[in-house]
């Protein structure tokens, strides 16, 4: 490099340093930095979904913190159950959670059964969509809340609609409200490392002859701002004799900005108990050759652990150390660094203690 080129490079470096110094002085330390600096967070922080299969499908071991997440699906598909499981997982690692119940339909007894600590859960039941999003904005800006769930986008009714007459035509009002709110929220969410989960409902587009007629409420803004979008569906029923005791559920990762998308996970949601962790361990264990299956019999490390999935599920509930051992082997097989958390005691077991 000749002297002239060296001098020009030195001048450019000085000018850049002065510009960076001016930006930091005006907007605060950390407003701009080199990606190679240690201050920049290279690894994405995640929280488990409560479903081992879904954690694997997400590619990073859970839902990313400091991002917007959308969970949508038909009625009674398990949207709220999944988000309550995420709240329980966040509380397990010491996080503060808030539930903005715009639908005014949260079943606190059910939430408690899923492992949610109600004493530490912040709950808001706003009157209007604006109020719900202002509360969300205030909680995010506080920097002290780790997870906020909004249930649901469809219930975020603009104030003008509530104060208006039945039958008033107010096109695009909710979409504009969501667009404005997300423009405000996104930067703050990233800075405070708070995860915001929007639960959404499905509507049918009229006159669609070809392609998927389904769409979500609240316009397109949420689709763009979400880092992860999950489509959750009920695909079957779980029966014990003639009685239906749960749902077979499929979740598809429709959008993923932190790992490859379009993967899917299947798991069981048991009524009154949530996602069946043991059921997932059995299915994924067999797929990873950690558990051997011969006919109806299941074996682990050469020892038979039960005949039929229901019996093995009960066996793993009673032998939690074995269940955690199998789960960690599955995680190693899939390259997930995070270890299996201890099983939370059920409501009945807590009552016995």
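Yeah, the Cβs are placed from backbone N, Cα and C, and that goes for glycine too.
Pulled from Swiss-Prot:
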BINDING   73, 74, 75, 76, 77, 78, 79, 80  ATP binding site
*DSSP three-state assignment (helix, strand or coil) for residue 75 (ATP binding site)*: coil
*When you measure from the Cβ of residue 78 (ATP binding site), how many other Cβ atoms are you left with inside 10 Å?*
23
*For residue 80 (ATP binding site), nearby residues of its own chain (Cβ under 8 Å, 6 or more apart in sequence)*: 106, 151, 199
*asked:* I'd like the number of other C-beta atoms within 10 A of the C-beta of residue 75 (ATP binding site), please.
replied: 8
*Three-state secondary structure of residue 80 (ATP binding site) from DSSP?*
helix
_With an 8 Å cut-off on Cβ distance to the 73, 74, 75, 76, 77, 78, 79, 80 Cβ center, who else from the chain surrounds the ATP site?_
232, 234
*asked:* Counting other Cβ atoms within 10 Å of each residue's Cβ, which of the binding-site residues 73, 74 comes out lowest?
replied: 74
*Just checking, which of 76, 77 (binding-site residues) has the fewest C-beta atoms within 10 Å of its C-beta?*
76
